[in-house]
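Swiss-Prot annotations:
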type: COMPBIAS; residues: 915-925; note: compositional bias 'Basic and acidic residues'
type: COMPBIAS; residues: 926-936; note: compositional bias 'Acidic residues'
type: REGION; residues: 915-936; note: region 'Disordered'
type: REGION; residues: 1024-1065; note: region 'Disordered'
type: REPEAT; residues: 153-197; note: repeat 'WD 1'
type: REPEAT; residues: 326-365; note: repeat 'WD 2'
type: REPEAT; residues: 369-408; note: repeat 'WD 3'
type: REPEAT; residues: 459-498; note: repeat 'WD 4'
type: REPEAT; residues: 511-550; note: repeat 'WD 5'
type: REPEAT; residues: 598-638; note: repeat 'WD 6'
type: REPEAT; residues: 745-784; note: repeat 'WD 7'
type: REPEAT; residues: 828-867; note: repeat 'WD 8'
Amino acid sequence: MIFNASQDSKTEIEYQTISSTQTYLAEEQSERLHNLISKEQLEKLNQAFNERPDSQVGFDDLRGLLLEQDITFNDAVYNRLFLKINQNRDFMVDWNEFVSYLIFGFQEEDPSSQKESLILPISVAPSVRKTEHRSTVCCVALLKAKSDQVPIEEVTETVNFSFGGEDSPEASGMWVTASHEGMLRFWTSHMEPIRTATSESSKPHAVYCMSYAFYNNGKVHSKLVLGDYAGNVRILSYSPNLRGPFQAKPGAALIEVVWADVLKGKIPQMIPKEYINLHNEMISCVHYSLHMNALFATAEYRNTKKYRGRCPGMIMVTYDERSNFRVPLGVSTFFVAESHNIVVTGGPDTFVRIWDVYIPTEPSAILTGHNGGIVMVFVQPEENKVYSVDYQKIIKVWDLQEHTLLQTYGELVRLIHPSETDMTYFYHSHLRELIVAGRKLISIKCCPRVRVDLTDGNTHAAPVSVVLYNRLFRNIVTCGLDSYIIVWDPWSGRRKIIMKNCHTKMIYGEIIDIEITAATFDPLEQFLLTGARDGTLKIWNYNNAVVVRNMSIMPDQEVTSVIWVVDRILAMGWDRQVTEFNDVEGREYGDPKKWSKFHTDDITCADVKLGEGVVTATYSGEVIFWKLETGQPYRRYSVMDPTRFIELKLTPEEEKLMRRSKRLMSRLGSSRMSRATAITMPKADDGRDYGQNVPISVQAVLFLQTRPQTIQHGSVFISLDTGYIQVYSHHSRGGYMSQFLSVHKTGDCVLTMCTDRKNRYIYTGTAFGYIKVWHIVNYCVPEAEKVHVCMPRLRLEFIFMRKEFWVTRAKRVVRHQREPLLVSSYKAHLKAINSIAFINLPKIVFSGSHDYSCRLWTQGGRYLGTLGTVLPWSKLSPFERAGSENQVYRLPPDIKKVASSTTLKVISGVQMDRPAKRAEVKAPEDRDEETAQTDDGYDLKKIFDKPLKEPILGKHFTLPGKSVMDQRIDVDTTQSYIAVYTHLKVHHTEMLERLPTPAVISRVAGENYMDHYVPVEGKVDLSGSALNIKQPPRRNVRPNDPRNMRMAKTRGDMGPGPSPSQQSE
């Protein structure tokens, strides 16, 4: 394909220059002009552009201008450079296009673009549990195992991943909660209770807040800072060596220290220091920075008439110098970020202020947006985020550098009762968790680290729907159901551009993101076309995230496939027809052309053979071949009966069905029920029965571009949801040729397919996350074109083909299948693979899955990495083949836990198992000679003096023998399904005979406990039996005493005989 480059010259640009058909370049030449042009050269180029007519230059003219500035390129590199600069696709470059390309080059190298998060800082549901306190929790503390403050010489580069050991008690510490009744409870880092204690104390000026600063190395004295209700601040300094003053003493379970004794020096291990009346009000928060050797103390000044806004909300004491940070109404809470030398404060005035610790006169930034007083602030310096919580339990997340609002989190309002206002907050910097305590304990993860022992990270915040490789810019473009488009540099693993909210829709005043379901490039691969679930299409200049054009096929009809050929754009989906848009300058905004509507169900997939035809397939198994130039159909098939000839016209039943579907669509409108497409992952235990009346849907189609349009060549591969792949010839007199089973698990099917440039291999991605590579050189081709396949060469490249002692499941399925040849099979993702693509020169396969990740693999199956990972990236080159035999490859952490022996062998590249050597059977004479020469310890005759006799296993349970009657079940297989319950023998239940009730139970059931009740006045003798009752001693016996008369009357009623209790005893 050739395009005219300039109106003034006959120079031509070949499309071949951006494809991977170009040979290996001896030396990679940079196309980044911003690294080669200086300021003086740029001014000369500007002057040269202005001297040209219309300030535009052509293909040769631009190359001449660059040569004048001593900037040279070879032909292949310059062709690519010109296509990158020429964004208007008119093959004329103006000054604005030239400068825009330079600006985009600088933007790609901006490190801030790498730190933009795909998800919100607080995106995980909080964990809630009861506090087990009798009253509301008033204080939360952390028994730290590691200090938050690190000496400046020990500061290392912060990483955003962990290996899973930070949540252990040795690393994360224990939580301590306290309530007003004096109860203390200790919890693990996962909020599991450990033990309970009580505490009682009384002081004239109670301590309101405390802070503890220490280093892990123990070389610097630790500081315990106390702030009380009178505005005083006291510091206790002591050495942590050998537990300092907190050493255990024999016979003393509790160490009590009196402050007066500390001041008098009676405890030499403690060095006290007091700041009396540091504030005029109660101390609200204190902190001691060992790095700056400074004390920070804050207080609230709510009496505006008394202080008139000139109150020192926060005071920083360094040696004998004091710095006052004046804040109206004072400061309630603050956080010191020593790595950035900043202090973030919050108070009753609802403002969050960011201060430089060395400039106390005015804040460097003021963050507004809260509607209540600030009660908690903290900073994540490694993430450049500020978190603030107000009195109304609303959490806001801010960007520390841009001072912009990132997220507003209001889930606490739902979890906490409105009557609970005085909540307690504590931030665990090691686990990145915010603990909220009141009547409940709530744990909120704030931008948690990636557990590299569980996953390598995610590429998108939702399932990845489409992955593409751009041969012009040599980058990978991923589109997801989160409505994101991300451009990646696969050679360095960097994220170049991220475009959020690409397809949106406003519903009831709220902007909703629409999932991206299809995408492709233009023929020159300068622009990107995306299709969404609501039927909209957009053309993007994805280098600057600008929408060039908006289109739509039909409202609320999902776009399942898009095709971009020269001067035309084809889109198809749930509208059951092909929609053609013009891509010619001046006619791009006309009405689209609708092709004939022959499909009776939703179109699920489509593909194109350049210059020849288009194939479309539906959910009901219909396959139609179209002429690309005219848009007319010429063949129609059904995958359930592929050999049957189907005439290209609608039957009366189909016409009736079409009219009914039109009426139904007009009634339902936008409330159409969504149908599961190829993006949704089928369940493994799906009990779908592929009978005669159940349609078989088509999941993917693939055109082989190098195979000619003949009857003998199978050029179209069609994947079915039964797990089979059918092969067709797209010739007008061709048709169905063959099929093969492409999966080895029941219920699995191929969702996406791709091939290499020469159509030697086909790469398939399945619904269960498997990638399979098939060798198709000799498959469905004439006998004269079949070539010899060098099997040893394939075994060197694909370790899957090497022999094993046990035949694995993937090989057992295809052991009787000669063509196509399965050369590799491994599990690449835990969920369905929605899209797969191949890079020809470096031989890299990359797949996008429903598990939010896009992973890169070598052609042999070695794991290269996941786009968006936090781990170091192994450097790749677009001109060298990826992978080497000497390199050690690792497995994805999530695959490692579920991988089979085949997957472990393919991904790691190591075959551990070896066939066991069988012992040679020797003659009896040789055996006797060797027995005589062996040691006595290995002589079997000495170990066993006589043969074993039955029973060898001793007394053990033996299985019952088989029944004499052979019960054969004749299953009715004439129907499309087997009625199992009709073949089962069901026995009727019989009434069970009720056993007689024992006499003892009948007699006890008939007894009355009142017969054994004896009213007695006295005390029970606990030393003896429970029935040994002692009468109280009588002081004096009076004949007229009414109490004696009552006792005598009672004994008279009972009679002289023994009591019932005595009888029972």
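For all residues, glycine too, the Cβ spot is worked out from N, Cα and C.
For the repeat 'WD 4' (459-498), the residues of the chain that approach it from at least six positions outside its boundaries are 18-20, 80, 83-84, 107-108, 113-114, 116, 118-119, 504, 513-521, 524-526, 528, 530, 532, 540, 542-543, 545, 679, 831, 834-839, 844, 846-854, 856, 865-869, 873, 875-878, judged by C-beta separation under 8 angstroms.
The predicted model assigns the repeat 'WD 2' (326-365) a mean pLDDT of 91. Sequence-distant neighbours of the repeat 'WD 3' (369-408) (same chain, 6+ residues past either end, Cβ-Cβ under 8 Å): 112, 115, 120-122, 158, 160, 332-335, 337, 339-340, 342, 344-352, 354, 416, 421, 423, 425, 427, 429, 432, 434, 444, 446-447. Counting residue by residue with DSSP, the repeat 'WD 2' (326-365) contains 0 helix, 19 strand, 21 coil.
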